[in-house]
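See below for the structure under consideration.
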Amino acid sequence: MKTTAVFSAFVSLLSFASAAGASSKKSSASSDSSSTSTTLPATFKPPQVFKNANLVHVISLEKNYVKENINVLVENIDKAPQDEYFVPFTADQMSRLGGVEVKDRKDASAGPFVAEPVEFDQESDIQYLRIRLPKPLAPGAQQTLGISYYLLKAYKPLPASIKQEEQQYLTFSFSAYCSSAYTTTKQKTEVKFPSGNIPDYTKLPGSGDVSEFPQKQGSKLIYGPFDEKPAGAAQPVSVRFEFTKPVTHVSRLERDIEVSHWGGNVAFEERYTLYHRGANLSSLFNRVKWQQAQYYHPTTFALKELKFPLRVGSVDAYYTDVIGNVSTSHFRTNKREALLEIKPRYPVFGGWKFPFTIGWNSDAKNFLRKTATGGFVLNVPFLEGPRQPEGVEYEQVQLRVILPEGAENVRYHTSIPPSSITEAGIEIHKTFLDTLGRTALVIRARNLVDDFRDRDLVVAYDYPLLASLRKPLVVFASAVAVFVVAWIVGNVELKFDSPKK
Amino acid sequence: MSADLLQVLASAGKGKGTRSLLRVIILALIAGAAVSSRLFSVIRFESIIHEFDPWFNFRATKYLVANGFYKFWDWFDDRTWHPLGRVTGGTLYPGLMVTSGVIYHALRALTIPVDIRNICVLLAPGFSGLTAIAAYLLTNEMTPSSSAGLLAALFVGIAPGYISRSVAGSYDNEAIAIFLLVFTFYLWIKALKQGSMLWGALCALFYGYMVASWGGYAFITCLLPLHAFVLICMGRYSTRLYVAYTTWYALGTLASMQIPFVGFLPVKTSEHMPALGIFGFLQLLAFLDYVRSAIPSRQFQTFLWLFAGATFGLGLLGLVIATSAGFIAPWSGRFYSLWDTGYAKIHIPIIASVSEHQPTAWPAFFFDLNMLIWLFPVGVYLCFQELADEHVFIVVYALFGSYFAGVMVRLMLTLTPVVCVAAAIAVSTLLDAYLNAKSPNPEEVQALESSEGKRAVKSGLRSTSKPVVGVYGLWGKGMVVGAMVVYLLVFVLHCTWVTSNAYSSPSVVLASRLPDGSQHIIDDYREAYQWLRQNTREDAKIMSWWDYGYQIGGMADRPTLVDNNTWNNTHIATVGKAMSSREEVSYPIMRQHEVDYVLVVFGGLLGYSGDDINKFLWMVRIAEGIWPDEVSERAFFTPRGEYRVDAEATETMKNSLMYKMSYYNYNNLFPPGQAVDRMRGARLPEVGPTLNTLEEAFTSENWIIRIYKVKDLDNLGRDHASAAAFDRGHKKKKATKKRGPRLLRVE
């Protein structure tokens, strides 16, 4: 339970987020990330001012997205202090890259560093991510950076289509040498797999006392350690591994959070466009085999169920799709949990699609606080997708926080990596009995994964008393107007004047 | 003592203001009851469109809301009747869709953005509330007692005969048409009573709305002239009738001709001729009326006979000539089937194949109307007693409606309003008599009767003398009133029970009970439709029997070959032929129609009766109607005349595409030799059918929907049978070379 003290702390945090009034329709309430990305000349090359003294690259293929961790000891080899470290990516990777977080491995209190894509040549195949060190690194000094990010849509199934009861294998290609803009003295690449079943992987000639790379340790492959490699060195390798779970991909998630002060309610609705990016079926769906497989070997690469652990206190969950309610769901709520388990209408195999909508309500007091200054603070999770053992990736996320009509001075803060947020602004949303329309904070983000579940979004806004009285007054006035008009019309004599007898 | 109590109670409703307030409140409550009794399915399932036709109406409404009225008017739908398409805008009754569209936009304007689906689902209950009010108005025109009106409103509100077509989600034309029907009748009576052009014009306006809404408008088109004709025959011609009828006919016909689907039918088809004939007849009568006032009566007699005879002869001659020359279309098949119930079965199987076009079974009357059915004759009798113009209407309507309701199940709907009105008159007369707490004083009555009796003898007519009839014993009153109250309560119980059990199933979703008593929903239809919608090409053509055409269009959003519009019998027969022929015959048909998927409904696993094997004979019959040489119904019956699906089934049956698609792969679900069709209680042959030209694409959880993909042509140019046999690992049978007769070598 968050106390009011925490809330006021958040409010103070909010002060740096730019503010926008409800009245300005398209004004940006954008966070600082998108506004500061600079444009560099097309011929840009990162200055060779750093050296990677030691680098460990951990690629985790355990989920249906790739999580990469680069732990690197950087050393300033220039004469002046430096504060910009560049990480190269291909343009294709860049479009699928998300959730970049950079930390100092030695000093946890330094907080996340600012990391943003550098805009320079759209045509170029090499794009850079710029990391700003909070304190410029003195010449000769060293610092340990922990760079973590996620790659979406990373796998290709091989074979591309398999039978319903067969096992699914995925391939992933990467470089055995971590791509870097600087010379790397020593490095190692570690690949983690969901299981030890890795039938194919590229073998490299070894060095030192190792005869051949990679070394296999259980469900892990280790390439390296390698000796010094120049900047931009690459050694493409690919791995093929067993993945017994569905490759769930949400191409678009629209999440609406509607706050009602009169109802004392916060309503959530999420619309998913869900795909299975795994292996397709080589022969079409066979119900007999499916029913038998359910009985004998329940592991399948088809998506059968999604579990949404919601916040405690969530009620009235619903699960629909474009043609109505989907009856195959189960909502379990008690004091300790609120678990929504849904099943797609049909098992979702590779290449299939299943869009659906879920929603639920919750008491406003779980999320909303009034501050001492008379404003309101709303603290909701940024993302509340399903929690699956195989993970879920989100390509596009649109989050709308619909505040009451007349809410103004909207500010927000979120712990989602700022580089994932593409756009944020205030819009007007018109719905039941609105005259002006409700203030809606719209945040668009991309390439998120379910690791960012339950990251907070804090929205502060002012809601004057008069604005809250607007709706009842308008309804009352309209009703009175209708009665008056009816009375006037009723008094109009429509008949011809009959001669008095 | 109880009399005092009643008096006190009655005095509360004495004042005129209080009474009308009470009446308004009661009427509002009745309308509320009418609406809420139709919400079973929404509460039990969800806000969902029911059955088949409503899905088309819903789809059309969405199109209207999305594209505006003019686009809707010009809508050519290329996603149905592939490859023909359908000129949808010109072949539908737009009233229903436009009504919901108007409600939708009005609510938007009031900043209440209700989803169009919810408007469509709740339109029928909403209009049933209005029907109750219209019935109140109509009944009030019949009798001075307003309690009759309230009773009629209540009866119409909850009578199952009407509920059957107006539960929430049953978004069909009848949803608004019954209100329009009753209200048009009310306006007609009003116009007739007052001889008012205003009411006549209003009547025409609502008649136009009715024409725009439902094909059943012909009922009004025939009933009003019939009423007028009966009035004339009874010698009740009056200027009131003239004004009301001519206003209605002229304006109403013009209004009806504005609907593209109706167009010039009102002057061309036989169904509309009575109205035109009576219109002409009334002009003649008016002319004669004028002539009579102008010339002496003796000459008038001769003039009349000559004139009438000549006109009648000319008119008849003209009609015969026009019909034979083709200016006036003869009666259409659907109308023939109204005269001869066996007609459709022989000549147009497609009409007969629809269950709602079957003749009504007797129990259906009691099921749909309960006690109203025995109160109905009493009400009609009471109308005979008064027999003003409006009572003649009820009598005519009752006769007409009863006949049609007996011929077609679906027309029970048009009978229900008059049954409710008549029954309400009966009940209220009864209650008025028995609820009167004041007993007449026997002596006074005697004195009165004796004095009146003398006069009555003089006049000679019994009916003119009105003896004071009174009920003397409170006990007797109590008995009758109590019995009536019990009947009314039982009626309410019956209506609720029927609505809840018989008419509130969406049929898209089936409900069953789990062993622990909780509800389990069988949602196979939507499972399969959603699969089609999400995982097939946008323009993949689906072939299915026509029943599912609208649902596929509405839920799966895929083009279909045939649908419930059934405008092209040949096209339906083509599908029927494809379903009932061997694969080798069906495959070219499917290729020619670019069919990608074939959908069949199979109830064998679950015991679901509405499946395609049960409808199969209709497909065969319809196909046979077009291709009698290629499809024969007899070949689907065993020599002993049984329709079987097990090992005993005929070869034609076993080789038909429908049979193969239904049972393909089904026996793998059971231990060898134990496959059972639970619907037909048949044990299936051990070896299931093989499919060469189709492959199974999807089967829903309970096997209700099975979807097959039509295979493409073989890459190696083989025919499918040998290609499939090769895949199964069979060796190609060596074609035994037919050697010619040995020739002796002569050299």
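The count begins at 1 with the first shown residue.
Placed from the backbone N, Cα and C atoms, the Cβ positions cover glycine too.
Range with TrEMBL annotation transmembrane segment, chosen from B:91-107, B:414-430, is B:91-107. When each of B:175-191, B:197-230, B:303-329 is checked for Cβ pairs under 8 Å to the transmembrane segment (B:242-267), B:197-230 comes out on top.
As a whole-number mean, the pLDDT of the domain 'Oligosaccharyl transferase STT3 N-terminal' (B:22-422) in this prediction is 88. According to DSSP, the secondary structure content of the domain 'STT3/PglB/AglB core' (B:541-591) in residues is 32 helix, 4 strand, 15 coil.
Counting C-beta pairs under 8 angstroms (sequence separation of 6 or more), the transmembrane segment (B:364-384) reaches the transmembrane segment (B:391-409) with 3 or more such pairs. At the 8 Å Cβ cutoff, the transmembrane segment (B:21-43) and the transmembrane segment (B:145-163) share at least 3 close pairs (sequence separation 6 or more) and count as touching.
Most Cβ pairs under 8 Å with the transmembrane segment (B:391-409) belong to B:197-230, among the candidate stretches B:91-107, B:145-163, B:197-230.
Same-chain residues lying 6+ beyond the ends of the transmembrane segment (B:197-230) with a Cβ under 8 Å from its Cβ atoms: 93-96, 98-99, 173-174, 176-177, 180-181, 183-185, 187-188, 190-191, 241, 243-252, 255-256, 258-259, 262, 266, 271-272, 274-275, 277-279, 281-282, 392-393, 396-397, 400, 404, 414. Sequence-distant contacts of the transmembrane segment (B:91-107) (same chain, six or more residues past either end, CB-CB distance under 8 Å): 57, 60-61, 64-65, 69, 72-73, 113-114, 116, 119-120, 123, 171-173, 175-177, 180, 209-215, 259, 261, 565, 567.
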